[in-house]
Each structure stands twice: as structure tokens, then as C-alpha cells.
Amino acid sequence: MKGEILHLHLGQAGTQLGNSAWELYLLEHGLGHDGRPDPSAKDVVDGGSYETFFTETSNGKYVPRSLFVDLDPSPIDEIRTGGYRQLFHPELLISGKEDAANNYARGHYTIGKEMVDNVIDRIRRVADNCHSLQGFLIFHSFGGGTGSGFGALLLERLSTEYGKKSKLEFAVYPAPRVSTAVVEPYNAVLSTHSTIENSDCTFLVDNEAVYDICRRNLDIPRPSYDHLNRLIAQVVSSITSSLRFDGALNVDLNEFQTNLVPYPRIHYPLISYAPVISASKSAHESFKVQELTFQCFEPNNQMVVCDPRNGKYMAVALLYRGDAVPRDCNAAIAALKAKSSFNLVEWCPTGFKLGINYQKPMAVPAAPGDGGLAPVDRSVSMLSNTTAIAEAWSRLDHKFDLMYSKRAFVHWYVGEGMEEGEFSEAREDLAALEKDYEEVAADSYEGDEGEAEY
């Protein structure tokens, strides 16, 4: 018994990411669209352990342990009428009547407050059905109203009710150039401030970086959100694959925190994935373990726009899937450490966590020319806690400052019952976060002044 994991998908970004993730899980476990075993499924290794993600009903159907919440009815109505309507439990699709209008305060204070008890109640019901609940995976965006506001509210409630369970977030982070809302910087800063204490580990993904990967590696001239989400789903799947399938080195949720988070506040690992390659090119490439490992350290394969060569790595988790043996993986790491461009902080000599899983990576089949991922024998996902991600925070803070210096758009937030002081408080917290990253990167780390903080 590996322990169950509950997926929470909040807001439009979380819901659409959820669709792609479950689409992939069904494929990996050999289940059809309605959650029943699909007789035509190939490559399925006796289905792995279903319990982690699915509840089995008495008539042999598998129901995802997942909850979809959005204050805006339309994304969830799409699930209710879409191809997977038979799959999800209708009680676990919760939609509001009016949306959060890209406003953190609406998601956190006014509209979100009315829904949160109902949502916690449903979570409790699913959690009570579990033998040993291991934790929560929370999918949301930092830029939208529901994702940022309601996401923060729900995490606050989860940490009071399920304090000991691990809470891992997948957060879609506002990209430098691609923006879906003017007030994204406000929402993201406010949301980060209120979740930083309540989340154990937050994997950041920014749309621009994933767009670039799709454009460059999959030759999709204009990637859609489906393309992006399928790529992110691969990473989500490899993070949880060792809970579901056998491997040489299994990794559970708590191990990510233990190995990736050196200080409670510095819990924002970067993710990268290799190989991202289209079916037309895959015949001409060799995917040796070492090459894949090196690819992960290329800025081109990372899911946040920042340059790790400017920072130092504190900890790295490499999760291999498919045909990989520990010896090759260790050799790849040794070769990597020998490269001069790879900087580890001095106070963390080993720096690497390995996971190896025998279940081969699968890709959702796509029409030729639609830029699907090529089926490959092995893949690697890398989660790395690097000080370079501070670049992403300082970009965000800069945008926040530009708007806040003129108090632009602030009245929308205050009108929903927020106090203006919360803006400056959140901004100070992020300034402190940037400073934390600076201190960690400084090699001569003075223990005595750092002790008061941690």
C-alpha cells in the first residue's frame, strides 16, 4: 500500500492541467474514458497500483481521487459535457455561479469564502475513504482570480485540517512576455505571500518557457494550451510514477520535500523534462541516459524562463523512467559534476536525489502534424532547487512595483474587502524571499545570523 494522493484542480488553469494529467494517467493504467479497464490498451504493466489515484467501485470502475473547483462555471461545464464525463464523480466537480474576474480578493475573500466550506467538506469525504492519505497535489495558476485567491484560501484551510500531510503545488506562474491578465503581478505576489507558509513544495511552470519548448522541439508553430498541458502532464506523471509503478529507486511525496527543500521558505524547484521530441525526429536521435541528463540542464528544456548558469544548485532530483539502470544514471551524474558550468552550493556536497522507475513513459497519441510527443524508451524529469529562480521573483516584483507605485487597479481589490496594507505586506514578504535566495547563494554562509530566521 503506497498511500493515496488527492488531486485538487483550481480555476481554469488547474482544471485544464487536470484534464491533461488524467488523460495521461488513464493511458498509463490502461483505462478507458469511463474509467473501466480498456481491453485494447497495450504496454500496460499489470496496471500498477490503482489505489494511489483511483477509487475502485464495486462494479469494476475506477474513479479518480480528484476534485475540480472553479468559481466560473464554464471550465467545469466543459468536463461535465466532454469526453471524460463518465470518469469523474459528479459531486467532485464544483463550480460557482460568478467567476473571480482575475481578482485575488474575490477568490480569497468574497466569493471564495462562500465556497470553501463546501469544498473542504468534499475533500474530507474523499480523504476519509483513503487508507493512508499521503498528501495533496494542487494545480492552479498564480495569475488568475480563482487560482491565486481561492488557491491560497484552500491551502490555509488544508494546513489547519491536514497539517502533517504533504502539499505539493503545480503553479502556473506569470510569464515575462506572455500575459493573460493585466493584474497578474498583483495576484501572484498576494498569492505567493499567503501560500508560502502553507505549501511544502511548489513546482513553478511558466507558459512562455513551455511555449518555447513546444515551438522549438515539437515544431508546433502556434502551440495551444493542450500542447502545453500535455508536456506538463508528463512531468507530473513522472513525479508520481514511483507511487504507482515499480522501480529500482522509488520516491514518495515526502522524499521530494526532504531532498529538495533546504529551508522551509525556499521551496520553489525548477522543472525540466527530456526528451521533448516530435515523432518525425525521434528516429534520428539517440536517447542515452547521459544525453538526456545533460539536456535537462539546458535552459532550453526548463519550464521557467531563467538562466541556471547565473545561479547555484542547492539540490537536484533526477527522476528516470523506462529503460535506465542505476549505473548509467550515476555515471551521468558524475560526468555532470565534472562540468565547469555546473555550480553546486558549497554547503551541499552531494546535491543529487535519484529516482528510477521501470514504467516506460507514454504519450497521448496525437494526429501526425499535431506535434505530439514521440514514444520513447526512457525519459528523465529534473526538479532542481536553484538560486536562479530568484530571477523570476525579481521580474515579478518589478512589474508589481510599476503598477503599485501608481496604485493602479488597487480599488478593485479594496472594494472586495481587502486592505491596502496587505499589498505592501505581501511585497515585503517577496523582497524577503529574494533576500533569502541571495543569502543561500552566498558561499560563506554565516550560521549565526541565519539562525534567528529559521
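Keep in mind that glycine also has a Cβ here, set from the backbone N, Cα and C atoms.
Just so you know, the Cβ of Thr180 (GTP binding site) picks up 15 other Cβ atoms within 10 Å once every protein chain is counted. What Swiss-Prot lists as GTP binding site is Gln12, Asp72, Ser141, Gly145, Thr146, Thr180, Asn207, Asn229.
Under a cutoff of 8 A between CB atoms, and with a sequence separation of 6+ in the same chain, the neighbours of Asp72 (GTP binding site) are Gln12, Ser95, Gly96, Glu98, Asp99, Ala100, Thr146. Reduced to three states, the DSSP call for Asp72 (GTP binding site) is coil. For Asp72, the entry in Swiss-Prot reads Mg(2+) binding site.
The active site annotation in Swiss-Prot covers Glu255. In three-state terms derived from DSSP, Glu255 (active site) belongs to a helical segment. Annotation for Glu255 (active site): spatial neighbours Lys353, criterion Cβ-Cβ under 8 Å with sequence separation of six or more.
Annotation source Swiss-Prot lists site 'Involved in polymerization' at Tyr454, citing similarity to another entry.
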Candidate with sparsest Cβ neighbourhood (10 Å radius) among Gln12, Thr146, the listed binding-site residues: Gln12
Residue among binding-site residues Ser141, Asn207 with least C-beta crowding, 10 angstrom cut-off: Asn207
Same chain, 6+ residues apart, C-beta under 8 Å of the C-beta of Gly145 (GTP binding site), given in sequence order: Gly11, Leu71, Asp99, Ala100, Ala101, Asn102, Asn103, Tyr104, Arg106, Gly107, Asn187
Cα-Cα distance, maximum over Gln12, Asp72, Ser141, Gly145, Thr146, Thr180, Asn207, Asn229, record's GTP binders, Å: 21
Those residues of the chain, 6+ apart, with a Cβ under 8 Å from that of Asn229 (GTP binding site): Gln16, Leu17, Asn19, Ser20, Ala21
